[in-house]
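Structure first, then comments.
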Amino acid sequence: MDKIVIHGGKKLVGEVMNSGSKNASLPIMAAALLSAEPSRIENVPDLRDVHTMVKLLRVLGAQVDYTNGVVEVYPGNAIKSNAPYDIVSTMRASVCVLGPLLTRLKEADVSIPGGCVIGARPIDLHIKGLEMLGADILIDHGFVKAKAPKGLRGADVYLGGNFGSSVLATANVLMAATLAKGTTYIEGAACEPELVDLAEFLIKMGAKIKGHGSHLIEIQGVKKLHGANHRVIPDRIEAGTFMVAGAMMNGNDILVRNCIIDHNHALIDKLKQSGALVLKSKSSIRLKRRGRLRPVDVTTLPYPGFPTDLQAQMMALMTLTPGISVITEKIYPDRFIHISELTRMGAKIFLEGSTAIVSGVGHLSGAPVMASDLRASAALLLAGLAAEGETEVNRIYHLDRGYEKIEEKLSALGAEIFRKKEESQKELAAVAL
Ligand code: EPZ
């Protein structure tokens with residue numbers, strides 16, 4: 001398995017180009033299945049998860065081309081309803097094909113995506129929402145088997161769960177409702193920008209949607225959708241990760257280009273409180289660190305609250321902040337696997353339930369660490385960049401699921417970072433023998 005090696009302590013200065021949003025691209029690619037006609041989706045990042053979605057759409061019978069950030073999907077009329085375990089189990093966002101397949105084909109068999117290291121991740125809200133639209137759903141041998149022989153019907157669907165609204169459940173019900181008979185109201189809908197981008201794509205396909213971006217979405221079902229062209233929004237989590245990097249070490253000064261500042265207010269507010277200098281312009285943001293870091297407290301919440309997908313990165317910053325900082329995780333109470341790895345680098349973090357108390361240590365020391373999930377990997381990179389000496393981040397395939405050309409981007413900012421390919425490790429082992 002590839003690993004990333006970092007020689008920490010180098011100042012990060014310069015510009016970085018933010019990529020298109022992973023979490024907007026994936027449901028939008030699935031939504032292309034709602035029409036037989038071709039769709040063209042631009043600004044799609046070159047990531048492992050995107051390639052997995054390409055593979056899934058192909059297995060379902062669509063023709064898909066992915067070149068230079070542009071995905072062209074031509075579903076045609078021979079789409080299949082079965083999304084197999086071997087693909088769905090590798091990426092939770094695969095569950096996004098459930099709504100489109102069910103509403104278009106009147107049936108869908110989609111493998112249950114399962115839990116992962118960030119927590120249990122049930123799909124009860126997806127199922128509840130689709131049942132309210134009239135689907136018969138059975139969990140059978142690890143598959144969600146959904147049927148609606150007479151087609152789906154519009155309904156009032158409440159999607160708030162114990163941990164707030166669900167992004168992908170809202171996406172599934174939204175997509176399913178576009179071709180249902182009558183009007184659907186999604187109450188307690190997720191408001192995340194990725195969901196708004198999906199709704200914009202669906203509108204371009206001919207869907208009638210109002211209220212996206214609020215907790216109440218109205219969808220008037222239509223008989224047919226057509227193909228559409230769309231440019232995916234910039235990735236707010238990637239941008240946020242670079243912003244945290246800019247705020248982390250004295251002398252860092254990073255200009256993040258191609259971002260939507262409105263999507264990152266919760267993070268910007270916390271970084272300002274931590275003493276970082278933040279300069280905003282239309283589609284870029286500059287983060288500078290001058291002087292001492294100040295402790296902040298963060299609670300993750302659904303949008304527009306502080307995103308859980310930036311919690312681990314923020315924790316990396318807190319490890320260097322003199323004093324006590326507190327993180328409360330309200331979306332995924334168990335999303336703290338990165339703590340043990342940060343501790344290997346000298347961080348002092350005490351976990352009490354879903355609250356982490358970080359006692360800043362002033363400096364970290366490089367160490368071999370293991371990435372456990374995508375955002376935990378990003379936190380370990382940030383910690384490694386600021387640490388003294390060498391950090392080796394193992395299992396970086398997680399990172400490749402969500403960060404496009406990350407070593408290139410960080411190297412261009414002045415980081416000493418490189419990827420050790422599996423082959424070269426084997427070669428080294430052979431030389432050692
Ligand atoms: C999306 O996952 C993102 N993934 C996640 O990003 C992100 O962390 C999450 O939203 C929260 O913002 C994609 O967009 C592909 P949820 P999703 O359903 O939609 C509970 C990353 O690092 N819940 O909004 O699957 C759930 O357990 C990834 O890029 C139910 O109880 O998350 C959680 O506590 C990781 N029942 C809360 O809701 C359900 O049926 C929010 O999860 C569904 C969810």
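These residue numbers are counts, starting from 1, taken along the chain as shown.
Using the three backbone atoms N, Cα and C, a Cβ is placed for every residue, glycine included.
What TrEMBL annotates here:
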type	residues	note
DOMAIN	7-410	domain 'Enolpyruvate transferase'
BINDING	LYS22, ASN23	phosphoenolpyruvate binding site
BINDING	ARG92, ARG121, PRO122, ILE123, ASP124, LEU125, ASP309, ILE331	UDP-N-acetyl-alpha-D-glucosamine binding site
ACT_SITE	CYS116	active site, proton donor
MOD_RES	CYS116	2-(S-cysteinyl)pyruvic acid O-phosphothioketal
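Here ASP124 (UDP-N-acetyl-alpha-D-glucosamine binding site) comes close to GLY161: these same-chain residues lie at least six apart in sequence, with C-beta atoms under 8 angstroms from its C-beta. Note: the CA-CA distance between LYS22 (phosphoenolpyruvate binding site) and PRO122 (UDP-N-acetyl-alpha-D-glucosamine binding site) rounds to 21 Å. Averaged over the domain 'Enolpyruvate transferase' (7-410), the predicted model reaches a pLDDT of 96. Cα-Cα distance from ARG121 (UDP-N-acetyl-alpha-D-glucosamine binding site) to ASN23 (phosphoenolpyruvate binding site): 16 Å (rounded to the nearest whole number). Nearest by CA distance to ASN23 (phosphoenolpyruvate binding site), out of the binding-site residues PRO122, ILE123, LEU125, ASP309, ILE331, is ASP309. Cβ neighbours within 10 Å of ARG121 (UDP-N-acetyl-alpha-D-glucosamine binding site), excluding its own Cβ and spanning all shown chains: 15. Per the record's binding annotation for UDP-N-acetyl-alpha-D-glucosamine, residues ARG92, ARG121, PRO122, ILE123, ASP124, LEU125, ASP309, ILE331 show a top Cα-Cα distance of 22 Å. Here ILE331 (UDP-N-acetyl-alpha-D-glucosamine binding site) comes close to PHE163, GLY164, THR300, LEU301, PRO302, THR308: these same-chain residues lie at least six apart in sequence, with C-beta atoms under 8 angstroms from its C-beta. The local packing around ILE123 (UDP-N-acetyl-alpha-D-glucosamine binding site), expressed as other Cβ atoms within 10 Å of its Cβ over all shown chains, amounts to 20. The least crowded of the binding-site residues LYS22, ARG92, judged by other CB atoms within 10 A of its own CB, is ARG92. Cβ environment of PRO122 (UDP-N-acetyl-alpha-D-glucosamine binding site): no same-chain residue six or more positions apart lies under 8 Å away.
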